[in-house]
Every structure is written in C-alpha cells, then in structure tokens.
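Per TrEMBL, the feature active site, proton acceptor maps to H222. The feature NAD(+) binding site is assigned by TrEMBL to G53, A54, A55, G56, G57, I58, G59, D79, N139, I162, S163, N164, M273. According to TrEMBL, the feature substrate binding site maps to R126, R132, N164, R198. The domain 'Lactate/malate dehydrogenase N-terminal' annotation in TrEMBL covers 48-190. Sequence annotations record features per position, and here TrEMBL assigns domain 'Lactate/malate dehydrogenase C-terminal' to 192-355.
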Amino acid sequence: MQQPTSGANQRIARIAAHLHPPTLQIEGESSGLGRMDCRAKGGSPGFKVAVLGAAGGIGQPLAMLMKINPLVSVLHLYDVVNTPGVTADISHMDTNAVVRGFLGQQQLEDALAGMDIVIIPAGVPRKPGMTRDDLFNINAGIVKTLCEGIAKCCPKAIVNLISNPVNSTVPIAAEVFKKVGTYDPKRLLGVTMLDVVRANTFVAEVLGLDPREVDVPVVGGHAGVTILPLLSQVKPSCSLTPTEIDYLTDRIQNGGTEVVEAKAGAGSATLSMAYAAAKFADACLRGLRGDAGVIECAYVASTVTELPFFASKVRLGRAGIEEIYSLGPLNEYERTGLEKAKKELAGSIQKGVSFVRK
Ligand SMILES: NC(=O)c1ccc[n+]([C@@H]2O[C@H](COP(=O)([O-])OP(=O)(O)OC[C@H]3O[C@@H](n4cnc5c(N)ncnc54)[C@H](O)[C@@H]3O)[C@@H](O)[C@H]2O)c1
Ligand SMILES: O=C(O)C[C@H](O)C(=O)O
C-alpha cells in the first residue's frame with residue numbers, strides 16, 4: 001500500500017482533529033464545554049440561526065433546510081436528546097453554514113448566545129382525538145423555559161414560534177419577555193405559514209393552477225375555527241362557488257387533523273411544517289438583510305382586531321415586523337368566521353397570559 005506523503009499526513013491529521021475535536025475554539029467566541037463543533041472556522045457573511053427541538057420530527061428536516069439556506073452562516077441545533085447524531089449528519093452537507101450541536105438544558109445558553117433568529121419546534125405533537133390545546137400542559141412549560149433562555153442570551157433575536165398551541169404559546173413568550181423587560185413585539189412571530197401553504201395547495205387544486213402561482217391570505221390564529229382563510233382575496237382573483245368555499249374552508253381549518261389522523265398516532269405534520277418553517281424563516285432572513293416587500297402571514301401582537309394577538313399579513317424588515325396589514329374587505333361568510341375565530345382566540349390568549357402571570 002502506498003504511504004501518504006507528509007503533506008497528505010498533515011491533511012489527514014487536520015480532518016481527524018476535525019472529527020474528534022479536543023476543545024475547539026471558534027474564532028472570536030468561547031467554546032461551550034462538551035459542545036459539538038463540526039467546523040472550526042466560520043466567519044462567512046450571513047445570519048446565525050438556532051433551532052430548538054432540532055432532533056424532532058420537524059426539527060430534523062428544518063435543520064437540513066436551514067443548512068441549505070445561503071443566508072445562514074451559523075446553525076445551532078439544540079434539543080434535550082439526539083443532537084450529536086443530527087449535528088454530525090447535517091454537518092456533512094457541502095453547504096456554507098457552520099453547524100454546532102447542543103444537548104440538554106446545561107447547553108441552552110451556549111446554543112442561544114449571539115443568535116439572529118431562533119426557531120422553536122420543541123414540544124409534544126398531537127395524537128388522533130386530541131386538540132392542539134390538549135398539548136398546553138406540557139408545551140407551555142417547555143416554551144417558557146426556552147424563552148427565558150432567549151431573554152437572557154439573545155434578547156434581540158427574532159423568534160419564530162412553532163410549538164402548539166401557537167394561539168397560547170405566543171402570548172406565553174410575550175409574557176416571559178415582558179417579565180424580564182426584553183419584550184419587543186416586532187420580534188416575536190407565531191408561525192402560521194403551514195396554513196397558508198395548505199391553503200395555496202388546496203385552492204390551486206380546485207382552480208387547476210400551479211400552487212406556486214396562488215396566494216391565499218390566512219388570518220386569525222392556528223387552531224380549528226381560528227384559522228380563517230380569506231378566499232375572497234385569493235390571488236390570482238377567481239370566483240369560487242359556495243360549495244367550493246365550504247369545502248376549502250373546512251379542509252384548510254382541519255389540515256392538521258387530516259395529517260394527525262393519517263399518521264395514526266405517529267405524530268402530526270413534520271415535513272410540510274419543516275418546509276413552511278424554512279420558507280417563513282427565509283422571509284425573516286430576507287427582511288433582516290434589508291430586502292423590500294417581504295410580506296407573509298404570521299400570528300403577532302396586533303391592533304388589527306380588539307384582540308392583543310392576531311394573524312394577518314405582515315411586512316418583514318431589519319427590525320422584524322415593520323408593518324401589520326389590516327384584513328381588507330371581508331364578505332359575509334368571512335365576517336361570520338371572524339367572529340367565531342375571535343371568540344375562541346380570546347380564551348386561548350388569556351390561558352397563555354395567565355400561565356405566566358399565575
Ligand atoms: N405551528 C405549526 O403550524 C405546527 C405544525 C406542526 C407541528 N407543530 C407543533 O410543533 C411541535 C413539535 O412537533 P414535532 O412533530 O417536531 O414533535 P417531535 O416530538 O417529533 O419533536 C419535538 C422535539 O422537541 C424536543 N424537546 C422536548 N422538550 C424540549 C425542551 N425542553 N427543549 C428542547 N427540545 C425539547 C424533543 O426532544 C423532540 O426532539 C408540536 O408542539 C407540534 O404540535 C406546529
Ligand atoms: O395539527 C397539529 O397538531 C400540528 C400543526 O398545528 C398542523 O397544523 O399541522
């Protein structure tokens with residue numbers, strides 16, 4: 001067998017050190033104890049993104065999609081289980097972002113330090129027969145702890161909150177941030193992008209269009225009747241029959257349940273959600289970069305209705321949310337839907353607020 005040259009030896013030694021890092025020091029940063037650094041050099045321009053719950057059904061494909069995003073230079077993957085494997089795996093992708101893994105509560109602060117965007121899909125998913133609100137007891141505490149970490153380590157980060165029930169977890173996050181004095185409503189966004197993704201898909205099917213050409217605003221919140229597709233505002237403009245409107249509204253409002261039932265106990269939407277979360281995070285990153293006209297629906301602190309939180313179209317920019325758009329003209333069907341949505345949302349918001357204030 002041919003002996004490697006001394007140049008080759010050096011290269012192999014460098015790769016070996018890379019695979020089994022002693023205590024790697026990132027340039028300009030202190031290395032967390034026991035942290036998994038999968039590349040010692042970073043420094044290329046771009047944003048720093050953390051995924052909390054990165055080893056989960058959403059977390060893993062979402063981490064992969066964020067690793068592909070050219071706007072991301074550093075990707076931190078945090079979970080209470082399995083991040084070493086997920087981090088090693090994703091770090092082999094030949095894209096720009098430097099990937100680092102963080103395992104367990106004692107590494108949460110290292111995972112969050114210096115982040116520009118924190119995406120949170122941590123928490124338990126539904127099983128058939130459950131509502132999203134049935135997840136409150138477990139997920140409320142998880143979101144509270146993670147947001148306490150954000151307030152301490154990256155209070156200026158944009159937070160994309162995915163964990164259910166979103167209608168309550170966003171108010172929980174706001175209360176945590178208020179308590180410690182770091183709350184900036186422009187930087188806290190509940191991710192309702194999956195409702196828009198579903199609405200675009202289902203409406204495109206009915207109209208016989210390419211879903212990429214369809215834009216359906218979905219407002220309100222992210223559970224059952226609080227998910228309110230504005231089918232009178234579909235672009236390109238179209239006319240749907242009352243039967244089509246009933247079918248589409250019901251399918252969009254129950255898209256999550258459709259997946260939960262099809263998975264039959266193995267969880268809820270993960271792949272379409274990872275796609276939707278990556279699409280939404282990309283919009284936030286483009287806003288941060290200063291791109292003009294970045295507009296998406298999200299569940300945010302709002303004065304669009306009398307409720308303190310509501311999902312509608314928002315414009316994203318360097319400061320996070322730069323403008324919140326009103327709902328526009330609604331037809332009678334949508335006005336009735338709006339009243340139902342507000343009634344349920346009010347209770348969910350109050351439940352989240354009380355959880356932190358208790
Ligand atoms: N907003 C939406 O549109 C939307 C869509 C789909 C799912 N969800 C919600 O997203 C959440 C996650 O769903 P999933 O399918 O990925 O679940 P999952 O069980 O597959 O993954 C959740 C991950 O969170 C981790 N986790 C648990 N406690 C944690 C903690 N304290 N800190 C960090 N990580 C922790 C778990 O270890 C797990 O890896 C659920 O609450 C689900 O209802 C929201
Ligand atoms: O339905 C769920 O429980 C998950 C998620 O909120 C979804 O809409 O798919």
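The backbone N, Cα and C atoms fix where each Cβ goes, and this holds for glycine too.
What TrEMBL annotates, mapped onto the structure for a quick look.
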residue: G53; record: NAD(+) binding site; Cβ contacts under 8 Å, 6 or more apart: G59, Y78, D79, I120, P121, A122, G123, S163
residue: A55; record: NAD(+) binding site; Cβ contacts under 8 Å, 6 or more apart: L77, D79, V81, N82, T83, G85, V86
residue: G57; record: NAD(+) binding site; Cβ contacts under 8 Å, 6 or more apart: P125, G267, S268, T270
residue: R126; record: substrate binding site; Cβ contacts under 8 Å, 6 or more apart: R132, D134, L135, N164, G256, V260, G267, S268
residue: N139; record: NAD(+) binding site; Cβ contacts under 8 Å, 6 or more apart: G123, V124, S163, N164, P165, T169
residue: H222; record: active site, proton acceptor; Cβ contacts under 8 Å, 6 or more apart: R132, N164, P165, V166, N167, G190, V191, T192, D195, Y299, A311
residue: M273; record: NAD(+) binding site; Cβ contacts under 8 Å, 6 or more apart: I58, L62, P121, I162, L194
CB-centroid shell, 8 A cutoff, substrate site R126, R132, N164, R198, site residues removed: P125, P165, V166, H222, A223, G256, T257, V260, S268, A269
Binding-site residues near ligand 2 among G57, R126, N164 (Cβ under 6 Å): R126, N164
DSSP helix/strand/coil residue counts for the domain 'Lactate/malate dehydrogenase N-terminal' (48-190): 67 helix, 30 strand, 46 coil
Cβ-Cβ neighbours of N164 (substrate binding site) (radius 10 Å): 27
Chain-internal residues, separated by at least six, CB under 8 A from R198 (substrate binding site): R251, I252, G255, S272
